[in-house]
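*Asks:* Structure incoming, see below.
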Amino acid sequence: MAKRKVPPEFVVERDDYKCIRCLACVRVCSYGANFYDENANRVYTENTKCVGCHFCEAICPTEAITVRKNDFDIRPLAHWTPEHLIGIMKQAETGGVLLTSMGNDRPYFSYFDRIVLNASQVTNPSIDPLREPMEIRTYIGRKEEKLEIEEDEDGTVKLKTEIAPQLKLEVPVMFTAMSYGSISLNAILSLARAARTVGTFFNTGEGGLPKELREFKDNMIVQVASGRFGVSADYLNAGSAVEIKIGQGAKPGIGGHLPGEKVTEPISETRMIPVGTDALSPAPHHDIYSIEDLRQLIYAIKEATRYEKPVGVKIAAVHNVAPIAAGAVRAGADYIVIDGIRGGTGAAPKITRDHVGIPIEFAVAVVDQRLREEGIRHMASIVVAGGIRNSADVIKAIALGADAVYIGTAALISLGCHLCQTCYLGKCNWGIATQDPKLTKRLNPEIGARRAANLLRAWAHEIKEILGGMGINAIESLRGNREVLRGVGLHEYELKLLGIKPAGEAW
């Protein structure tokens, strides 16, 4: 039987009259899609190698290149889409699991897009953030149920209650966990510098700690995952908080996977594994099989850090996310990270990324409600991740019950990512998801930091504008305030789970 050719996903069109044969597109394509024919004096493209990163299109000096989606026409079949056919063709040829990157791109509709916000008029005047103070600073960590104060003989009032360690965020947005290995050092440095500039935090991910990041300890969260790469007492004390990764929104129930192609000498040194070998994190932590085991690890980390840093637990948004989160809080977690089905990744089985988990909107709503019902909401902050696209999503997530959000894909887009979903190949032309020195130098961390910081500043301005329009002058007054939300086109049971009313219904 002849080998079936999988149709190319993208087609590169080149205007031969505009092309000056500078061969820039040939030199820069790390996938080898473009090539030059000396005899014909023309540049051609092997479309099957194109991943749709648009880098050649961006650097073409005469704008001669257009990269477009290939229209793979088949007999119209509602059940058998081109995606299904191409997937079967690939697996029939290779016998392997289909890998992919970034977040879930299935056409599940976003519940954030079905939720609208309130605005104040007449009886509850709005606030102008340009003329009146607006507080969007928030703190991540365990809060006390009540505060006690005492007065000295000289009349000085002091706080008697001992406050647990907190992370101070000047804007309620942090950069999510992306490890050294999955993305380049220049990409991490961009986010680290942006976090320091804006006054928020970035997360190292599970790949250990390169020495170049140690100067950012005041804005850094270190992560402990099942692979325990680079974990030591020194590592745990190198940041401002420690996060235990139990699950990830892009691949709940399975471990991490860094392909050997991306394990270069620096990655090998940081992760403490041989060069060129796959870095595999097991599905479970092999010392955590119960809430009691999780509690033991949480307090072991607290002991190692002298109880000076918040310890968080990251879980994927799954069907029983509420009791899992409640158990983690009772086990001693100072904050809970919930990663939704739209969460991104550097590498994951496509079948898992696309079909496992639940939307973050439902997850944060039910977790916040569960913690309130159990009377332990003050014991931990909630951070949500997985598909946060803009400042409106941030506001809606906080109103549903979050204290702050993580962004990953949005941050990478600010650095130049075009969502070609091939991070696992390690050939990112934009210098982000690669360890090839020829490619990583394409990303200038100073420029990247400025762009990422600009993104957060822009969102901060928009958050203040929306809060002012609601008549709210502090982000704390928004947290869990579902009265400012209304659902559009949602079923009754969906509204009930989200804890919001339908649009048109008053207070």
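One-based numbering along the chain as shown.
Any Cβ shown, glycine's included, is placed from N, Cα and C.
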*Asks:* What does Swiss-Prot list, out of Cys53, Cys60, Cys417, as binding the same [4Fe-4S] cluster 1 as Cys19, Cys22, Cys25?
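*Replies:* Looking through Cys53, Cys60, Cys417, the residue Swiss-Prot assigns to the [4Fe-4S] cluster 1 site is Cys60.
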*Asks:* If we skip the immediate neighbours and take only residues 6+ beyond the ends of the domain '4Fe-4S ferredoxin-type 2' (41-70), which ones have a Cβ under 8 Å from one of its Cβ atoms?
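*Replies:* Contacts with the domain '4Fe-4S ferredoxin-type 2' (41-70): 5-16, 18-26, 28-29, 31-35, 418, 420-422, 425, 428-430.
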*Asks:* Take the Cβ of Cys29 ([4Fe-4S] cluster 2 binding site) and count every other Cβ within 10 Å, whichever protein chain it belongs to.
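*Replies:* So the Cβ neighbour count for Cys29 ([4Fe-4S] cluster 2 binding site) comes to 23.
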*Asks:* Taking just the CA atoms, what is the gap between Cys22 ([4Fe-4S] cluster 1 binding site) and Cys50 ([4Fe-4S] cluster 2 binding site) in Å?
*Replies:* 20
*Asks:* Around Cys19 ([4Fe-4S] cluster 1 binding site), how many other CB atoms lie within 10 A of its CB?
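*Replies:* So the Cβ neighbour count for Cys19 ([4Fe-4S] cluster 1 binding site) comes to 16.
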*Asks:* Around the [4Fe-4S] cluster 1 site recorded as Cys19, Cys22, Cys25, Cys60, what other same-chain residues have a C-beta within 8 angstroms of the site's C-beta center?
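*Replies:* These residues sit around the [4Fe-4S] cluster 1 site: Arg14, Ile20, Arg21, Leu23, Ala24, Val43, Cys56, Ile59, Pro61, Thr62, Ala64, Ile65.
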